[in-house]
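Right, one structure below, let's go through it.
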């Protein structure tokens, strides 16, 4: 088989980078594939912390497989085409490892596809190492642990699967770190928003979902102080409005998540605010509302929006 590119979604978070990096190593060493990990964007500050901590070089960024002379790819941490490579419809998808809903996805040929309702794609990749009796290098264990911590907010998110606790313990042992101490350091690294412009802030961790003909952008930022983020509301709303016009989104929903108290403030703009309000049974005041206990876009925001939009 010719060269295969392995990558996570656009605007990659820690799980996207970690799972793709680890899967590329697995593909080369267990499946004997000519696999290269790449990324669909630069690592965010949280991911950069993990990469630096474990001495791993960030994957190079690509936009097109064809431009790389590659026609076969493997996706991790996503499957929806609008979240993937620009020419994803023109290449062969050899495999997918994911933990999200399956939507807006089809292939011309059969493929290897593993989708599980667990806390992270990294959790699945780690299990695949064990199934193939492949030793997990320390730095890869550290990255996989980071992906799991990031996606589950240190195992506090409702997306956390009962098996994720054991996975986290095993990976922490392999990586040589204290789970709680390293976990908090990692999460705090991702809350430094002061250096970000508003345009950067709303794009740190953002995904587009096609909901009944509407392109709904759902972004999330982590913080230890929601009020501090809302001090920038006017400028954030300007950035959101610009993105709506430029990218053609019908709606933009920003989750401002307090990682300490496990709550979120929802800031939303667009043409379907009635559906956003109905999704969460709240009333937007000055374009935002409090959503207690909400920390997961995948489980506590997207399904509710999907139902409300009738998608």
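Yeah, the Cβs are placed from backbone N, Cα and C, and that goes for glycine too.
Annotated Mn(2+) 1 binding site per Swiss-Prot: 9, 13, 77, in sequence order, evidence recorded as sequence analysis. The annotation Mn(2+) 2 binding site is assigned in Swiss-Prot to 15, 77, 99, 151.
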Which of these binding-site residues is closest to residue 9 (Mn(2+) 1 binding site) if you go by CA atoms: 15, 99, 151? 15
Least buried by Cβ count (within 10 Å) of the binding-site residues 9, 99: 99
Report the residues of the chain - excluding 9, 13, 77 - with C-beta within 8 Å of the mean position of the site's C-beta atoms, for the recorded Mn(2+) 1 site, in sequence order. 8, 11, 12, 15, 16, 17, 19, 76, 78, 83, 121
Other than its own, how many Cβ atoms are within 10 Å of the Cβ belonging to residue 151 (Mn(2+) 2 binding site)? 29
One should report the C-alpha separation between residue 77 (Mn(2+) 1 binding site) and residue 151 (Mn(2+) 2 binding site), rounded to whole angstrom, as 11
Counting other Cβ atoms within 10 Å of each residue's Cβ, which of the binding-site residues 13, 15, 77 comes out lowest? 13
Show, in sequence order, which residues other than 15, 77, 99, 151 on the same chain lie with their Cβ within 8 Å of the centre of the Cβ atoms of the Mn(2+) 2 site. 13, 16, 19, 76, 98, 100, 119, 120, 121, 122, 123, 147
Rounded to a whole angstrom, what is the C-alpha distance between residue 99 (Mn(2+) 2 binding site) and residue 13 (Mn(2+) 1 binding site)? 14
